[in-house]
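Following: one structure in structure tokens, then a few remarks.
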Amino acid sequence: MIESLATDAKVLPGWPERMYGSIVRPGIGLGVVCGLISAVFYTLANISLRQSVAADPFLVAAFKAIPTVICLTPFLVALKMGGQPIAKSGHLVPRFILISLLGQVGGNASFQVALGMIGLAAAVPITLGALLIGSAIVGRVLLGETVSRRTAIAMAILMVAVVILSQAGHPDPDASSLVASERADSLAVQRWVGAAFAVFSGLCFAVFSSTMRFNMQNGMQAATAMWISGAVGSLALFALVALRGGFADITELPASLWWSMGAAGVFNFLAFIAITTAMKVLPIVAVHLLNASQVAMAAGAGVILFAEPVTSTLLIGIALTMVGLLVLARRRPNAQPG
């Protein structure tokens, strides 16, 4: 696929064109590799986000979107100067702006709240379970992908896992979103609320990723979609921070939080490139299945780096999540449009 571009060209393309071609015309093998790589970078981003729970979740999510805009702006300018169209699917942009708001505000900000309320080890599998369930449903409605009996069974298992994991969370006492309380019933309520934020985050991500894949199948370049999402997200989230009066406390944030928020943005951008490349050629559920190794990585990071407790509910919930993913992995692949 990529090799044919060079043989048809009369002039050797510059680096923007070559990089552009590798992003929007990947092979299936590259798609699989990118799906796995994205899991590593998303785990590193989640670790950085977990380190930032003391800050306003909207502020953290806003800063996480900035590297995407900074890195892609000169890239898109170079493409434009090289004669490559960057917005040939303009009719898809207005709806994608709204979907980007859902993904950035509903997805990223809600996930940040969940990290502070239930911890990394529980938030990631809950979000991923909701993401996979939502992706199967949205993929059926928007992309026409079949929901088989095996997929339905996997979805049921993932739903049970989400319910169990909802009471496995470990609140961070320093989290800005946490209501201080030592009462057992209050902590249980906070776990349910944190789990609800994680579920909502996963569903928002499902709508966003499925819509993004639909747009790419209908002519929107991946780099353009990534830039729109980052620009819309950062502007909307900073506006919410201003409305909440969060800018008054920015000067009091320690340097370690700034480093963590910046690292989260960089890792998220690299993961976004990888998973967007995978989404170009693989079914949406397959992409998230490859990305599902985040569950084990997040559990290990939560326990080792943040001293989150290993409980029976956490282990059972993670085990059920992995079982659901394995059931999903063994379904017969659907024929993809050429």
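Note that the numbers count up from 1, one per residue, in the order the chain is shown.
Here the Cβ of each residue, glycine as well, is placed from N, Cα and C on the backbone.
What TrEMBL says about a protein is an automatic prediction, not a curated fact.
Annotated in TrEMBL:
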- 27-45: transmembrane segment (TRANSMEM)
- 57-80: transmembrane segment (TRANSMEM)
- 92-111: transmembrane segment (TRANSMEM)
- 117-139: transmembrane segment (TRANSMEM)
- 151-169: transmembrane segment (TRANSMEM)
- 189-210: transmembrane segment (TRANSMEM)
- 194-328: domain 'EamA' (DOMAIN)
- 222-243: transmembrane segment (TRANSMEM)
- 255-275: transmembrane segment (TRANSMEM)
- 282-306: transmembrane segment (TRANSMEM)
- 312-329: transmembrane segment (TRANSMEM)
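With a cut-off of 8 Å between Cβ atoms, the residues of this chain six or more beyond the transmembrane segment (151-169) that come close are 117-119, 121-123, 125-126, 129-130, 132-133, 136, 188, 191-192, 194-195, 199, 285, 311, 313-314, 316-318, 320-321, 323-325, 327-328, 331. Pairs of Cβ atoms less than 8 Å apart link the transmembrane segment (27-45) most often to 255-275, out of 57-80, 117-139, 255-275. According to DSSP, the domain 'EamA' (194-328) comprises 120 helix, 0 strand, 15 coil. Taking every listed stretch (57-80, 117-139, 222-243) in turn, the largest tally of C-beta pairs under 8 A with the transmembrane segment (189-210) is reached by 117-139. Under the criterion of 3 or more C-beta pairs below 8 Å, with sequence separation of 6 or more, the transmembrane segment (117-139) and the transmembrane segment (312-329) qualify as touching.
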